[in-house]
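Taken from Swiss-Prot as is:
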- His81, Gly122, His123, Ser124, Gly154, Ser155, Asn182, Tyr293, Glu377: thiamine diphosphate binding site (BINDING)
- Asp153, Asn182: Mg(2+) binding site (BINDING)
Amino acid sequence: MSQTGMTIDNVLDSIQHPTDVAKLDADQLRQLADELRERIIGTVSQNGGHLAPSLGVVELTLALLSVFNPDKDKFVWDVGHQAYAWKLLTGRRDEFSTLRQYQGISGFPKMAESPYDHFGVGHSSTSISAAAGMAMARDLAGDDNDVIAIIGDGSMTAGLAFEGLNQAGHQGRRLLVILNDNEMSISKNVGALSLFLSRNLSSRWVRRMKRDVETWLKSVPGIGEEMLNYAKRSEHSLKSFFTPGMLFEAFRFNYVGPVDGHDVRNLAKVMQMARALDEPVLLHVLTKKGKGYEPAESNPTYFHGVGRFELETGAACKFVDSDSLPSYTEVFGSTLCSLAEKDERVIAITAAMPEGTGVGEFSRRFPDRFVDVGICEQHAVTFAAGLAAQGFRPVVAIYSTFLQRSYDQIVHDVCLQKLPVTFCLDRGGLVGEDGPTHHGAFDLSYLRHIPNLTIIAPKDEAELQQAMKTALAGEGPVAIRYPRGIGVGACLSADPGVLEHGRGELLKKGADVAVIAVGSRVHPALAVAEEIERSTGKAVSVFNARFVKPLDAEQLVALARSHDSLLLLEENTTTGGFSSGVLELLADHDCLAGVHVRRLGLPDDFVTHGTQKQLRKLTGIDRAAIRRTLLEMLGLQE
């Protein structure tokens, strides 16, 4: 790589090693930033992904690689939504077209994927804690590498981030936390004075001078202490007026910023000064989410995480099978609004995902009954418990994978007290391209054993409506889990009925083999059973459990006693999941003797990324696997 300013046709393709970025001149860095954005936009338009966050940190990524050595220094990208440029510059340029594709590279940093992904992420607010641990490990090992955590302003709303700040500040180890602020709420602070404060009030020379002046003032008899106190008040007043850093300084971090996150050269200079401080430093960087792509700049919320879109306009690509059918998320959102119209006790709570969970319309129609707590799942659950304790009917709208973060609150604050909180778990089961950090693979297992909790897994969008009305009509906690994606085309109701508590339904009566399914696997099982009967004459029973807890003991025992074989289906890990519960119940009723049982569900493993269709095939829960298993159980050939 040249430092002479010579023109390179394609700078990105010339990068052979991450350290090559440090050899580029200003013009080449600008060209590289443009090329990175072009590659990211083109790939995400085809594959979907987190576009706006990654576009906003291109220059920040270049500055990091201009200053630090990724072969030695450790980087932790919080959540990982913003790590696409990092992937392109750290050896995955040629594979980038496979981003989020089955057997391609992950959409998140992943330790198993690259030696430059120093910590795997996917859920928010973990970076500071992980980096603090790495800094301690470095010091214990006697190494001298830098440790850098890059965290967005959204992730800083979580308690875990402040727990990490508290620990890191207390330990006082050399650590750089970069706060990527893309909300632009304090953009007015970007300017000459802010730059002066960033470069000078925190520089090593000024800090040494300040200590010398303090020592001298203390030696002045009579007025020294008073002068020192006045000087400190003046300095703190100046800094707090122009910067928001006092909060971080309270955690014993040296605050630097805010600085322009799109000025590579200046950002690199500030990083160089920050790394020279032998203590925790928080560098506050201002970026524009979606920068370089007008549709994403105009609508960064939509382009935060997006499916395939038209490159020229940013319009979402249309798919034939989704043009007319609503998604489960949309059905949930519209049903919640309908129920809230009739019951003023209904409160909607989300953890920083109003649109993703379907409560955006609720927030606009019922702003006084809507609460976005930020990325604070633990708080969301206990906050809901407080509302429920006072007679309200809170609905916590959350992705299945994120509810894991509030497990103790579910047990201790909600279920122990039998409070009427409704948990609506979107993305139950295989979520698709976001992969193992986002699959809702464990909820039935980690919720099923909690006393007082009712769990419903509706078979379709109409049953989702019924489940919601059932939950809000009850007097205890209820969890409703449903998959990502469109429904099956079930008829929706303006006034859904209430489900009989703990009662499933026999959809098809047969002989010999009974399929006991729940949630997303019910309709595929029914379709396969009907196909087999048409082609072979063999009638298979199909039972929709509906309730994971309590199970319909009466009907399940009857099925076990009237069939030679049972096939149990779920889109959850079979370890401790729905099928485990069915087997426990049947064993307790002593009706498994002589009954052949097969289970199809998710494995005791972290499932990779890919489309839902690909992953259901991979894990053996798709229609083909159900058909193959049923034919084997019936003693038939394909």
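Keep in mind that glycine also has a Cβ here, set from the backbone N, Cα and C atoms.
Looking at the residues that bind thiamine diphosphate per the record, His81, Gly122, His123, Ser124, Gly154, Ser155, Asn182, Tyr293, Glu377, the two CA atoms farthest apart are separated by 32 Å. Counting other Cβ atoms within 10 Å of each Cβ, the lowest count among the binding-site residues His81, His123 belongs to His123. Here His81 (thiamine diphosphate binding site) is positioned 13 angstrom away from Asp153 (Mg(2+) binding site), judged by their C-alpha atoms. The binding-site residues examined here are Asp153, Glu377; by Cβ neighbour count within 10 Å, the least packed of them is Asp153. If you take the C-beta of Gly154 (thiamine diphosphate binding site) and look for same-chain residues 6 or more apart in sequence within under 8 angstroms, you find Ser124, Ala352, Gly374, Ile375.
Here the Cβ of Asn182 (thiamine diphosphate binding site) has 23 other Cβ atoms within 10 Å, regardless of which shown protein chain they belong to.
Under DSSP, Glu377 (thiamine diphosphate binding site) is assigned to a helix (H, G or I) in the three-state scheme. According to DSSP, Asp153 (Mg(2+) binding site) is assigned to coil rather than to any helix or strand.
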